[in-house]
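Below is one structure, written out as structure tokens; comments come after it.
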């Protein structure tokens with residue numbers, strides 16, 4: 001068993017051992033918050049800094065001089081200007097904010113990429129992934145470990161094929177990212193729904209009924225009363241999840257549940273930053289306009305609100 005499989009087994013066993021009957025499993029995929037700060041520019045630009053840079057990177061700018069902040073911001077602007085036309089649009093800024101907020105995903109992909117691109121050709125084939133992930137456990141399975149690795153491999157192969165847009169069974173880094181984090185890609189949402197339904201639909205009728213829905217979240221322990229949140233979830237299923245009132249959720253109803261259409265915080269923040277910085281009101285930003293408003297975007301030791309040191313107690 002390779003390290004990845006060992007860690008997979010360990011995490012699953014640990015989760016099982018530590019789980020409690022009243023714990024709630026959350027299958028809903030929400031967009032992450034841009035910041036846990038209050039968005040009030042009259043008091044501080046902390047929210048904007050977190051949104052533009054990501055919370056961890058924002059802390060590093062709090063320790064820079066204004067000159068250093070402007071220099072680093074200028075380099076960031078060059079990355080945001082995707083088409084290299086000298087302007088930053090709302091869409092380019094929105095894409096950057098989403099990248100900054102999901103940087104951990106790309107870091108995770110980089111870590112896994114190194115372990116799966118076995119021939120180091122800049123691509124990961126299905127054979128490479130299968131051999132790196134399942135090779136040992138399929139050749140020498142442990143009958144006592146409780147995991148059906150063949151079933152897991154079939155499921156992974158189906159997801160890999162879905163992520164692989166050109167159908168050559170060889171993933172680019174973008175396709176590999178879609179494979180590892182399908183909830184982040186519109187074209188992968190159907191596979192997220194399918195896998196979720198397979199996990200919950202115990203009688204394999206292609207639907208999720210009320211008892212399956214509750215059973216996935218809550219394991220009843222003896223004669224104890226149901227927690228209040230379980231009663232609330234029963235009501236949620238009847239009133240909101242099961243839209244056509246047939247007593248079960250189909251694929252579309254399941255999709256609405258686990259992949260809700262959230263308010264686009266990244267787009268709202270991008271529009272806000274453009275509005276505040278667009279001096280000539282042409283609807284897009286030059287590097288000069290952004291750097292002139294560096295205190296809004298990134299801050300420094302000498303911003304309007306003067307944070308000379310990182311405030312460790314806030315994080």
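Heads up, the Cβ atoms here are built off N, Cα and C, so glycines get one too.
Among the features that Swiss-Prot reports, signal peptide is placed at 1-19.
The phosphoserine annotation in Swiss-Prot covers 44 (among others). When secondary structure is read from DSSP and collapsed to three states, residue 44 (phosphoserine) falls in the coil class. There are 18 other Cβ atoms within 10 Å of the Cβ belonging to residue 44 (phosphoserine).
Long-range contacts of the domain 'EF-hand 1' (68-103) within the same chain, counting only residues at least 6 positions beyond its ends with a Cβ under 8 Å from a Cβ of the stretch, are 32, 34, 51-54, 57, 61, 184, 264, 266-267, 269-271, 273-274, 283-287, 290-291, 294, 297-300. What Swiss-Prot records for 68-103 is domain 'EF-hand 1', and it gives sequence analysis as the kind of evidence.
Annotation source Swiss-Prot lists phosphoserine at 69 (among others), citing similarity to another entry.
Here Swiss-Prot flags 229-264 as domain 'EF-hand 5', drawing on sequence analysis. Through the fold, the domain 'EF-hand 5' (229-264) approaches residues 24, 27-31, 94, 183, 189-190, 192-194, 196-197, 206-210, 213-214, 217-218 of its own chain, all at least 6 residues removed from its boundaries and within a Cβ separation under 8 Å.
Per Swiss-Prot, the feature phosphoserine maps to 261 (among others). The Cβ neighbour count for residue 261 (phosphoserine), using a 10 Å radius and every protein chain shown, is 6. According to its DSSP assignment, residue 261 (phosphoserine) is coil.
For 265-300, the entry in Swiss-Prot reads domain 'EF-hand 6', with the evidence type sequence analysis. Same-chain residues lying 6+ beyond the ends of the domain 'EF-hand 6' (265-300) with a Cβ under 8 Å from its Cβ atoms: 31, 33-34, 41, 45-46, 48-49, 51-53, 58, 61-62, 64-66, 68-70, 72-74, 76-78, 81, 86-91, 93-94, 97-98, 101, 307.
Residue 277 (phosphoserine) carries a helical DSSP state (H, G or I). Neighbour density for residue 277 (phosphoserine): within 10 A of its CB lie 19 other CB atoms from the protein chains shown. Among the features that Swiss-Prot reports, phosphoserine is placed at 277 (among others), with the record citing similarity to another entry.
The Ca(2+) 6 binding site feature in Swiss-Prot is assigned to 278, 280, 282, 284, 289; the stated evidence is sequence analysis. A 10 Å cutoff on Cβ-Cβ distances gives residue 282 (Ca(2+) 6 binding site) a total of 11 other Cβ atoms nearby, all chains included.
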* **278, 280, 282, 284, 289 excluded, remaining Cβ within 8 Å of their centroid (Ca(2+) 6)** => 87, 274, 277, 279, 281, 283, 285, 286
* Asked: residue 69 (phosphoserine) has how many other Cβ neighbours within 10 Å of its own Cβ?
  -> 24
* Nearest recorded site to residue 289 (Ca(2+) 6 binding site) by CA-CA distance, among modified residues 44, 69, 277 -> 277
* Roughly how many angstrom lie between the C-alpha atoms of residue 282 (Ca(2+) 6 binding site) and residue 69 (phosphoserine)? -> 25
* To do: Please report how many Å separate the Cα atom of residue 280 (Ca(2+) 6 binding site) from that of residue 261 (phosphoserine), as a whole number.
  => 34
* To do: Output, ordered by sequence, the same-chain residues six or more apart from residue 278 (Ca(2+) 6 binding site) with a CB under 8 Å from its CB, or 'none'.
  => 284, 285, 289
* residue 284 (Ca(2+) 6 binding site) CB neighbourhood, other CB atoms within 10 A -> 18
